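Taken from Swiss-Prot, the feature transmembrane segment applies to 8-28, 42-62, 94-114, 123-143, 175-195, 233-253, 273-293, 311-331, 350-370, 392-412, 419-439, 445-465 (among others), supported by sequence analysis.
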Amino acid sequence: MIAESGHYALVLALGLALIQSIVPLIGARLRDDALMSVARSTALAQLLFVGASFVALVMLHVNSDFSVANVYENSHSMKPLLYKITGVWGNHEGSMLLWVSILALFGGLVAAFGNNLPLSLRAHVLAVQAWIASAFYLFILVTSNPFLRIANPPIEGRDLNPVLQDIGLAVHPPMLYLGYVGFSISFSFAIAALMEGRIDAAWARWVRPWTLVAWIFLTLGIAMGSYWAYYELGWGGWWFWDPVENASLMPWLAGTALLHSALVMEKRNALKVWTILLSILTFSLSLLGTFLVRSGVITSVHAFATDPTRGVFILLILCLFIGGSLSLFAGRATSLKQGGLFAPISREGALVLNNLLLTVACAVVLFGTLYPLAMEMLADFKMSVGAPFYNLTFAPLFALLLLAVPFGPMLAWKRGDLLGVTQRLLAAGVAGLVVVAIVWAWTRGGSALAPLAIGLGVFVIAGAVTDLVERTGLVRLPLATALQRARGLPRSAWGAALAHAGLGVALIGIVCETTWNSEYIATMKRSDVAHVAGYDVKLDGLFQRQGPNYREMIAEFNVSRDGETLSVMTPSKRSFTTRGSSTTEAALLTRGASQLYISLGDANAEGAIAVRIYHKPLVLLIWWGPVLMAFGGVLSLSDRRLRVGAPKPARAKQRLQPAE
């Protein structure tokens, strides 16, 4: 009965979405407030029914109801409760239900908290959201129904893919989907603006918080996925330029450009057409990512679907929304009035440069992702585009972007003083050069690329600090006055500085890990000692342990340095009998921002085992950077100016009239 309830709740959600996609538009056409208000009630009701459908699937997994095909294929009665729950979205059908649940959540949030929006705009936005929802409800019900029953129910399930039975899966996909789907709000605002033929600074003020929310979650989702791959796959890699990883990076790049473009539009009423186009392209790239994962066109640890019917259906959705939105843009963009002018050397000019570099970088990743797929489809020629391509194309573009980052916030709007900003950034530049010299001397005159990259990271961080120092007057004003100005500084200014500094932190981590990573790969027996980056790693023994739904072989390593024992590390290999597969569970020793990493291979008949030991200097900075960026986004989001909607004109103060 639970399965049937979940199914019919999804059908009712589809019916509500169809009503929401039509009636409010009729109301907007007729200027009927009652019909336009239908969008709000149907969006909230739709959220209720989709939420009920998702809860029903969770209950089926928790109860191990193997009469439902989705539960049978992806669960097991002995699986821990946490992984029963996360197994709901560890498969194609369940993950698509999570996708539409988050889509309904964002629509419900606009309905609930969009009271400051003009009624007509809110009706259009929610109608566009309903178009998207209707398409994906149909996709789930026709090709990917998670509530299908099995005629002769088995007594036990096949279990979830062992690689996905990890705490990271509880966090990574939901965060990623909150980012992917969150950009649908920016898309809907853009289409609504084109339909109404009106876009102004108020529109940018309304759309920026929703874009920022999606960007925060996508940033954290990508970082969490990278860290999950790092510790779960067993060989210490954190980014593989996998097509599905690229599919999450592309909307992040476009979304970052959109945030900065919307800022120009809000402050200077400029870049209107470009901001609308970015809103469309960002969500289009999210849809492309959905197609790559769900269509079966690629083979990846991230990919689920192999049914060609699903791929064709999603391709049709992709063509419908991307093609339709770009056609509407082409027809209506010329009617949008252009905003204010600005000099090339200005904050607007810096943000345009930011958008140019981010867009070109996104195009490079798009080419590297789709070109091999196109070659395989058109010429039956299999090829891959890996790190060497991106190191030669993407990395220089991002280096230029990082070099420009400290200048943007310090330039004035409309017309800036580049020489003056350069002088104010002199201390940050000197700090970067000093670090370059120190690192180059420490590496004894090796390649200059790594020291230069680290110096660039320091320059970005110091530039963010300099911006805050200049805004507060910490150097030129009395301390009490500077602190008072710091308290009055908008949270968005603090957030922007933290986000920019996070980029520098991540760059330093990436450079240190890739340049000075130490590796030891060998077969070890009991009492053997490996020497890695000053650490002595001794294998004390192997033992077996029975887990809830797996058998585990654990190796015990004693780790010491200069004769002092630091830790006992216990990496393992788990064999899952139900699936007949195994996973590697790495052991990590964290010291500061660096880590010692041990993973196991196969054991032989003599009792020896293959071992990988890595020392990864400052590797945690790779993920601390995105966390700092996301925190900066949250701080900006908490700024009251991003929560109250469009600014209202100040009322003129009434003068006191003398008594007659």
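Even glycines carry a Cβ here, placed using N, Cα and C.
Remember, predicted model here, so these are calculated numbers, not experimental data.
Beyond its flanks by at least six residues, the transmembrane segment (233-253) meets 163, 176, 179-180, 183, 215, 218-219, 221-222, 225-227, 282-283, 285-286, 288-289, 292-293, 298, 300-303, 358-359, 361-362, 365-366, 368-369, 372-373, 385-387, 390, 513, 517, 583-584, 586, 597, 599-600, 612, 614, 616, 619, 622 of its own chain at Cβ-Cβ distances under 8 Å. Most Cβ pairs under 8 Å with the transmembrane segment (273-293) belong to 175-195, among the candidate stretches 8-28, 94-114, 175-195, 350-370, 392-412. Two recorded stretches are said to be in contact when at least 3 C-beta pairs lie under 8 angstroms, sequence spacing 6 or more; the transmembrane segment (350-370) and the transmembrane segment (311-331) fall short of this definition. Count of Cβ pairs under 8 Å against the transmembrane segment (123-143): among 8-28, 42-62, 311-331, 419-439, the largest is for 8-28. Within the chain, the transmembrane segment (94-114) has long-range Cβ neighbours (under 8 A, six or more residues past its boundaries) at 10, 13, 39-41, 43-44, 46-47, 50-51, 53-54, 57, 70, 74, 87-88, 122, 125-126, 129-130, 132-133, 136-137, 139-140, 144, 146, 173-174, 177-178, 180-182, 184-185, 210, 290, 294, 304.
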